[in-house]
Structures are given as C-alpha cells and as structure tokens.
Amino acid sequence: MTTFVPEASTADIGVYGLGVMGANLARNLARNGYATAVFNRTPARTDRLIREHGGEAAFVPSSALEDFVASLRAPRVAIIMVQAGPATDAVMEQLAALMDEGDIIVDCGNSLFTDTIRREKWAAERGLHFVGAGVSGGEEGALWGPSIMPGGTPASYERLGPMFEAISATYDGVPCCTYIGANGAGHFVKMVHNGIEYADMQVIAEAYTLLREGLGATPAQIADIFAAWNQGELNSYLIEITAEVLRQVDASTGAPLVDLIVDAASQKGTGKWTVQTALDLAVPVTAIGEATFARGASSGSAQRAAGQGLDGNTAPLVIETDEARAAFVEDVRRALFASKIVAYSQGFDEIGAGAAEYGWDIDKGALARIWRAGCIIRAAFLDDITRAYEADPALPLLLAAEPFATRFEECAPALRRIVSQAALAGVPIPVFASSLAYFDQIRATRLPAALIQAQRDFFGSHTYRRVDREGIFHTLWAEPGRPEEQWG
Ligand code: 6PG
C-alpha cells in the first residue's frame, strides 16, 4: 500500500470518506479543476481511488488525517461523506481538533436536520463553519452532477458555493445548487425531497399494479406504457427508470426480474423523518405518509402472513374492449399525475412550515429550480412548480395554483373512477385514495371537524369556537338543559 504524504496547502477542497458517494463526489470535484484532497479511515480505499482514477485529475491523497487537513488551503473546506449518525460526530471532532477559525466542515450525508442544527451550533462555538448539504442523484449523480442543497452561514456559501455550483447538474444552463438557509435548512429540504421521492415511487407502483390487474398486462407491456407516459407531462427520471426496470428479464429463469424480487420495500429512514417532522409541524403530508406506511405494510411479514386468505369480497377488474382498455390506461395516468400534484403540494407545505418554525428564509421557487435536474425526483413538472413560486413566493397551496389547479380538476374524474374501481377490486392504492380524500378535504366548504370539536368538548371540556360569534365556548354537557358558557 502506498503511503501518501501531500504538500501543505495545495488542495482547494477535501473529501473525508471514500465510499462510492464520497469517491464519486471527489472525482467530480477533481474533474472540474479543483485540486481535491482525499482521505479515508481505511487507507485501502484511498489507495484504490488513486490507483483507479488518479490519472483523471488533480487529487491530493493523504494517508494521515493530519496531512489531509494540512493539505487544504485556508480557509479549509472538508467534506464529510460517511454514514449519517454517530460517525459524522466522530469525524467532526477529529477535524475540528486540527482546524483553525473560519474553516468549513461540510456534511453531504443524509443527516437528520436537527442533528445538523446541533452540529452547526457546536462548530460555531469553536469558530468553525458547518454546512449541512443535501446531495441527491445517487452514485451517478455524485459523479456527473447532483442536485445540491447546502445550508449554513452565507459566508461559508461564498467559499463553497462556486465549487458546488460547478459540479452540480445543470438545467437550461442553470446550476442545480443554491444556498438554502441557515444551519439545518439544507438537510431539511433534502429530507422532504426524499419524502416526495417515496410518494413518487409509490404512485408509480400503484399505477403499475392497477395496469397489471386491470389489463392483465406483462411487465414488458407496462414498460411500454410508462415509456409512452415519459414523453408527456409525467416525464421524469423515476418514470424513465421504471420502464427500464419492468423490461428487465432475469438471466437465469427468463422471468421478468420484478416478479422475482421479494415484495418487501426497505427504507433508510428519510421518509420516516419527513412524516415524523410533518406531524410535529402539524402539516398533513398524507401522500408521503401513506407511501412510507405502504413500505412498512409490505415489510410487515407477520401481519401479512396472518392476513393471507382473508376474503376481500372483491370483484375482479375486467376491462375487455380495446377502447375501454385505452380509457383505463389514461385514467390511471391521470390518477398518477393528480396524486403526484398532491405529494409535491404537501411536501412544499412542509418546507414552508419548517422554514417558519426554524426561521429559515427558503425560496421555494429556487428550490424547485434546483430539483429540475440531477436529483432523483427530477421531472418536467418541476419547471411549472418553479414558475408558480416565482409568480407568488407566498403561495398558500401549490395544488390551487395554475397550472396545477386546472390539471387537477381535469384529472379528478379519472382519480375518482380509479379509486372506486380499485376499492371494488381490492387493489391497494393508498396514495391514490388518500390523495383524493385530501383534495376533497381542502376543497370542502365545511368539514365534520365541527363534530370532533363537540366530542372533545363533551368528554374533556376542550372548548370550541362558533361560526356566528367570536370567543371560546364550552357546553355544560352534564347539566340539565346543557347550557353554554363563554370561556374567552
Ligand atoms: C437521493 C436519494 C438517496 C438515497 C435514499 C434512498 O436523493 O439521491 O434519495 O438519498 O437513494 O436515501 O432512501 P431509502 O433507502 O430510504 O429508500
């Protein structure tokens, strides 16, 4: 193994942690002309990166952490790319011990935003900048151009921003990286991005199961449908890869690969965080919630085993004529699009609520702009979201803004047909169904929540407000005649 001892102050930026994501990010930085210091706790990884890719560009490898830090030009910028959690804290402590005031530590992992807020405070107390940067795009994105969502001090963005903008994906020549806000803002929006990703994936899966049940179509035939959809308003990375996945045939059996994969969806936790945080902020993110719970339901093997054989009293979906089949496919497409609008609208609501709670000035239009390329949820659709927030940065509800309001109204009949057909046929489509329920809730002039308030007042004196008078009221339910009192 080679021992790397670099010259001091020769690197523009450094990457600590050379797993696939870290190595690819380092290669991207180096390819873009930044002398990139690289270090890994296990030296074999540094060795491998230099052996396999050292000829690509200017790397500054180190075998010792002290040398890695010394190799960085002041103010130093060190990116941490290790497993999110305690490892990030451990690496921060090591780096901080060797750094000077004004140096910048950047965490590009999928860290929980509250950890990032805590770490930023910890770093600031030591005179250091801490940047929590969301990075999306998977391994290929890290190498060729991810979408980057950095949070932290504006001063740290001055030093880091140009490098991140240079290595990020571009859309119409615009970099998919922008300053998001103080401390945890970058990781917060990345968390919601991932929550939306869960919903996006689930609605695609729901469309797939409906097409399979309703048409009796093969995965390859459904791949063709997704490929056709990818030419229109649903155009997105996730629809594109779905067509590829559905076409994949298992080499050993000749069966569609998707039929051989265990139907239990895993998760690393970012969707769960999005839902937990939404509950704390009292924001309904039903599409993300149902998508996250659907992964849980698929993985609940004891419950699924116990539920096998229960009679659903269902009538199979039978769609016979070519005309009816074509209409069904179009209904499914519209149901998917409408549910996608709900997922994004709710995700942006959560971002607004998070910004208000944590004091971040998040520009939602700019955020949608940097999600147009590079990231996993990249889609043609994000261009419209960008324009909607540019037209009105204080938009209270994305779903009610154009072009989404009109498109949703146009798709709503299809969504209603699909949700009812699926219910009768016993095909589980939790995000489609909850998206319709959400739409009907927010457009309703009056909700049965009035009854909930009365029930709460009955058993717990929790009070209610009246539609006809100002004030807080309580009915004395246990007293004869049940008189009403005004409490405030
Ligand atoms: C991205 C992805 C990335 C990762 C997810 C997968 O934006 O590049 O979201 O962050 O693939 O963490 O998440 P789950 O394992 O929870 O599905």
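Using the three backbone atoms N, Cα and C, a Cβ is placed for every residue, glycine included.
Nobody curates TrEMBL annotations by hand; they come from automatic prediction.
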Next on the checklist: Just to be sure I read the record right: N110, S136, G137, G138, H193, N194, Y198, K268, R295, H462 are listed as binding substrate in TrEMBL. Which of R456, R469 is listed for the same site?
Outcome noted: R456
Checklist entry - Among the recorded positions K190, H193, R295, whose Cα is within 10 A of the Cα of N110 (NADP(+) binding site)? => result K190
Checklist entry - So how far apart do the NADP(+) binders G17, L18, G19, V20, M21, G22, N40, R41, T42, V82, Q83, A84, N110 get, largest Cα to Cα in Å? => result 21
Next on the checklist: Filtering N40, N110, E197, H462 (recorded positions) by proximity to ligand 1: which pass a Cβ cutoff of under 6 Å to any of its atoms?
Outcome noted: N110, E197
Item to check | Residue with minimal Cβ packing [other Cβ atoms within 10 Å] among the recorded positions K190, H193, H462 | outcome: H462
Checklist entry - In which DSSP state, out of helix, strand and coil, do we find M21 (NADP(+) binding site)? => result helix
